[in-house]
Structures are given as C-alpha cells and as structure tokens.
Amino acid sequence: MNESESLTNESAMGFPSSSWLEAETFASNGTLALSSASPNFHVNPWDIMLCLSGTVIACENAIVVAIIFYTPTLRNPMFVLIGSLATADLLAGMGLILNFAFQYLVSSETISLITVGFLVASFTASISSLLAITVDRYLSLYNALTYFSEKTLHYVHLMLVGTWGASLCLGLLPVLGWNCLDDASTCSIVRPLKRSNLTLLATSFFIIFILMLSLYFKICKIVCRHAHQIALQQHFFTTSHYVATKKGVSTLAIILGTFGASWLPFAIYCLVGEREYPPVYTYATLLPATYNSMINPIIYAYRNTEIQRSIHMLFCGCFQSNGSYRSRSPSEV
C-alpha cells in the first residue's frame, strides 16, 4: 500500500517511474517498486517519438558511414570528418533505440547509467565533430594552397582524437560516480545526471556554438573577399558572382541556424530547469535536439556530389560517369 502511494505521489509531481528523464520509485530495500494495481503496460508517447527519431537517425547515418568506408576515393580530410560526424550520429540514434528498449524491458540503475553515458558521449561527439568540420572548412579557405598536405591530415587526426577523447570522458562521468543516485536532491532535469554535470555539458555546448559562430563569420568574410577579388579581375561584378556569394552565405546561415535552433532550447533549459518541473518540458526541448542528428547527413553528406555519385553506384550499379571527378576541398563544396 505504501509503495502504491509513493508511485501516486511521484506521478502527481510529474515523474512517471518509467523514464530515465525523470525520477524512478524504489522500495526501501533498493529494488524497483512495482504497483500490482496497474498491470497494464503503459508507454510514454514522448519515448516513442524519441525511439522513432533514433531509428531514422541510425538509418540515415548508417548509409553515410557505409558509403565513406567502402569508397576509396572518399579519403580526404573533409570526408574523414564527415564520417566521424555520421558515426557519432549513428551511435546517438542507436542509443535512443536502446534506451527505449532497456527502459521498458530491463529497467535498472546500472543500465540507466550506461545508457545515459552512451547518449552523452554520442551527442557530444556529434557536436564536437560539427566544430571540427567548421575548423576544416576555415582552414581550406585560409590555407587553400597547402590544404591537401600532410600537415592538414595531421590536424584532422588531432581533432578526431580530441573530439572522441573528450566525448568519451564526459560519457564516463556518470558511470564513474558523478550521478545523483545517492542524493536525489542534486538531480537535474535528466536523471541520473547531477545538475553540475548538466551545467558542464550545457556550458561546453555554448563554447562550441560561439566558436562555430566566430569561424563561420570569418568564412563569410573570406568568401565575400574572394568574390570581390574575382570581380575586380574581370573589371565588373556580374550577377553570377553576386548569386554565388549570396548562396554561399545563405548555406552557412542555414548550417548554423539549424544547429542553433536544434540545440539551443535544450541547452538553455539545462541551465534554468529544475528537477521538480514537469518532464514534458524536458521532452519538448530534447526531441528537437535529436533532429539535428537527423538533418546533419542531409546538410553535410547527401548534398555532396561525390557522395551522391557513390550512393547512385551502390543502389543502381548502372551509373555512367559523364566527367572526371576529383577530390574537392570544403571551400569548393
């Protein structure tokens, strides 16, 4: 009877016992308290949407990873970083699917810690890979003559090590003890992460977002300067130059705008939200954040001509090349 009252009270506070986003109800001996009065198997619609989002993310990025892995011509730094982004998003999609399965089938504190850590590491690697791609695009414009040198490849390898190393460390923190299982008062809006842990993740996001904003602003300046120099060489500024410059700036704005619109609401809510708030607020800000991993392969992979050609060859097997293809730099893309 006491266990049922405990479940009822926590549900009234907005914390159903089924999700890692909210508090779970435990009996005094530490085992999960189950109510015999409610034998029905209830599934949170928000969890279903997160699982569906993860399925789409995993399928999209699995194709990109397979294309880059099995295509020998896609080995330059740009595609290595796109492959890193696709791998991170693929793992994030798989994490959302596994979270849904474990949450309703094999619910335990250990699995909750592992699942949350896996998702933190995957999404951190995705965001960090976006920053690495931005740095690579800036270098391809700033050092265009030496971009295809061994030095660039060395920089890419360092960025990959830093990206995945930092992501793995952040993902292991909850598993290694930085969690709120022993003190529920320190929990954040994403249980079992502590509020201090979530603050660290949100702050890291804002730092990455500001760096990307700064780099894309510099890229826009370089693109406009190059267009102006071409116009001066030809003694007039043609409409095609204006359209090309406008298109390039618009593309950069779409990339940065999509990233910000997806992650900013959740990052801000991580800083201002309290664990007593209704879980629907967490779901409503987290779900759009997952859409960024759904949009990434469209922006960075499927719009690329060489990847389109590889996909056509993979699925059709009858693609006839009408011209020579060469490995291009991010500035040309």
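Positions of Cβ are set from backbone N, Cα and C atoms, glycine also.
According to TrEMBL, the protein has these features:
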- 46-71: transmembrane segment (TRANSMEM)
- 60-300: domain 'G-protein coupled receptors family 1 profile' (DOMAIN)
- 78-105: transmembrane segment (TRANSMEM)
- 111-135: transmembrane segment (TRANSMEM)
- 155-178: transmembrane segment (TRANSMEM)
- 198-217: transmembrane segment (TRANSMEM)
- 249-268: transmembrane segment (TRANSMEM)
- 280-302: transmembrane segment (TRANSMEM)
The transmembrane segment (249-268) versus listed stretches 46-71, 78-105, 111-135, 155-178, 198-217: most Cβ pairs under 8 Å: 198-217
Considering the transmembrane segment (155-178), which listed stretch of 78-105, 111-135, 198-217, 280-302 counts the most C-beta pairs under 8 Å: 111-135
Selected stretch (most C-beta pairs under 8 A with the transmembrane segment (78-105)) from 111-135, 198-217, 280-302: 111-135
